[in-house]
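Take a look at the structure set out below.
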């Protein structure tokens, strides 16, 4: 397939999946495997939920407990595999665009999709699922379990095929929780060992694609340099968040009995005691550095400094990112980096033997500018319209931060949320659903177009003046480009939200 055929196949496949998901969510009340007789979603919520799962975003405007077994397995579970497989199928196609010489074919979308599912997603998910079951995560189809509590009353506990969903949710950078509490729920993330395994898997899958890219192009060291550049930024963001969460919560100085509250463990509001502030901070940066979006703590309870890290991670949108598509977003920034380097040394930009011309640079620039449009424009609509302001229940900087985070989550296809916003409304379902779809498929269109253009070009031999992409100089230059372009472009918006709250002495 050439790039147009590849894109067409991808859109048709995802379009059929979207329609299927919408119908399942809308009419789950008449479908089988619904022992609790749960109702279907409203049309706007079904649209948003279908949009978010087909695009590998998994932003949830519903509680996971409101879905039937059928919806969880044959809609959510299926979409988690297929959306991750879609992203995975893009990586080899883009790589072929760089490797090809005067050739228009990028491979077959369906072949790449099936290979990604069978050779990677299914077997690794099976292994991760077994690990979770061994740690206490349930895999159950028997409906609710009724138990007697300490108070002597009966309580119905929701269980289901949690371990299987949790495995692909993390491996495929999906993030949608089986329960409303997501990975903070003890059934999804029962122990510290389970938490560490899930955190590693969350980062390992997009990193593995970047490393594989270096092998595919015959420059393994280049893949290592790219991972190293991303890791430098990752460590910086983790330090910002961990340092913020290690501080005591300024809103909890004294309790109502005037007894001093022990906050030696840092800001523990909204966090699980089995993870603490450090592992919660690591997860927060991991989930926003990828397009996973799963949470093991409540981001709305983070200190202003602690929340800056997740904001910046989503703002860059190239830091590991999603499985498969993360490589494409990374390449977008690399083309800008190579272009800037070419201007600095006075030579035509060249990357891996392919001439980077004005067409590729223009498309890459438009892709990078798309995220600010999808984040800032909907945010402005939400804060000036009554429909948007009705969902804001926290005043001041916190309320604005919640809206901004919601739009970041949608536009960057992340899916996490600060959860202080009443976002299950027609306004937010439609606004976010549209942003999610545009944030997923418009960059793919541009990136496949770039791959198609590069595929037809000759591979030029390297000379003394060619930018070396396997040394520390490239690492430093690339880190600088990502920080300046990816991070600073959103600094004015962040200055009105979490930074303003931090400077004003907020929680």
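Note: Cβ is positioned from N, Cα and C throughout, glycine not excepted.
Residues or ranges marked as transmembrane segment in TrEMBL: 7-25 (among others).
Counting only same-chain residues 6+ beyond the ends of the transmembrane segment (73-95), those with a CB under 8 A from a CB of the stretch are 3, 6, 10, 13-14, 17, 20-21, 24-25, 33, 53-56, 58, 67, 106-107, 109, 112-113, 116-117, 120-122, 125, 161, 164-165, 168-169, 171-174, 176, 209, 212-213, 216-217, 322-328, 331, 444, 447-448, 450-451. The transmembrane segment annotation in TrEMBL covers 73-95 (among others).
Within its own chain, the transmembrane segment (116-134) has Cβ neighbours under 8 Å at 81-82, 84-85, 88-89, 162-164, 166-168, 170-172, 190, 194, 197-198, 201, 324, counting only residues six or more beyond its boundaries. TrEMBL lists 116-134 (among others) with the feature transmembrane segment.
Same-chain residues lying 6+ beyond the ends of the transmembrane segment (196-217) with a Cβ under 8 Å from its Cβ atoms: 88, 91-92, 95, 98-99, 124, 128, 131-132, 166, 170-173, 183, 189, 223-224, 226-227, 230, 279, 282-283, 286-287, 289-290, 292, 294, 320-324, 326-327, 330, 352. Sequence annotations record features per position, and here TrEMBL assigns transmembrane segment to 196-217 (among others).
Sequence-distant contacts of the transmembrane segment (224-242) (same chain, six or more residues past either end, CB-CB distance under 8 Å): 207, 210-211, 213-214, 277-278, 281-282, 284-285, 289, 302, 305-310, 312-313, 316, 318-320, 330, 469-472, 474-475, 478-479, 482-483. Taken from TrEMBL, the feature transmembrane segment applies to 224-242 (among others).
What TrEMBL records for 319-343 (among others) is transmembrane segment. Only residues 6 or more beyond the boundaries of the transmembrane segment (319-343), in the same chain, are considered here, and those with a CB under 8 A from a CB of the stretch are 56, 84, 86-91, 94-95, 116, 171-173, 203, 205-207, 209-210, 213, 226, 230, 233-234, 237, 289-291, 313, 349-351, 356, 360-361, 364-365, 367-368, 413, 443-444, 446-447, 450, 467, 474, 477-478, 481-482, 485-486.
According to TrEMBL, the feature transmembrane segment maps to 363-384 (among others).
Outside the transmembrane segment (426-451) by six or more residues, the chain places 3, 6-7, 10-11, 14, 44-45, 47-48, 51-52, 55-57, 59, 61, 90, 93-94, 96-98, 106, 325, 328-329, 331-332, 335, 360, 363-364, 366-367, 370-371, 374-375, 378, 381-382, 385, 387-388, 391, 406-407, 410-413 with a CB less than 8 A from a CB of the stretch. The feature transmembrane segment is assigned by TrEMBL to 426-451 (among others).
The transmembrane segment annotation in TrEMBL covers 472-500 (among others).
Sequence-remote contacts of a segment are chain residues at least 6 beyond its ends whose Cβ falls under 8 Å from one of its Cβ atoms, and for the transmembrane segment (472-500) they are 225-226, 228-229, 232-233, 304-305, 307-308, 311-312, 315-319, 333-334, 336-337, 340-341, 368, 372, 375-376, 379, 397, 400-401, 404.
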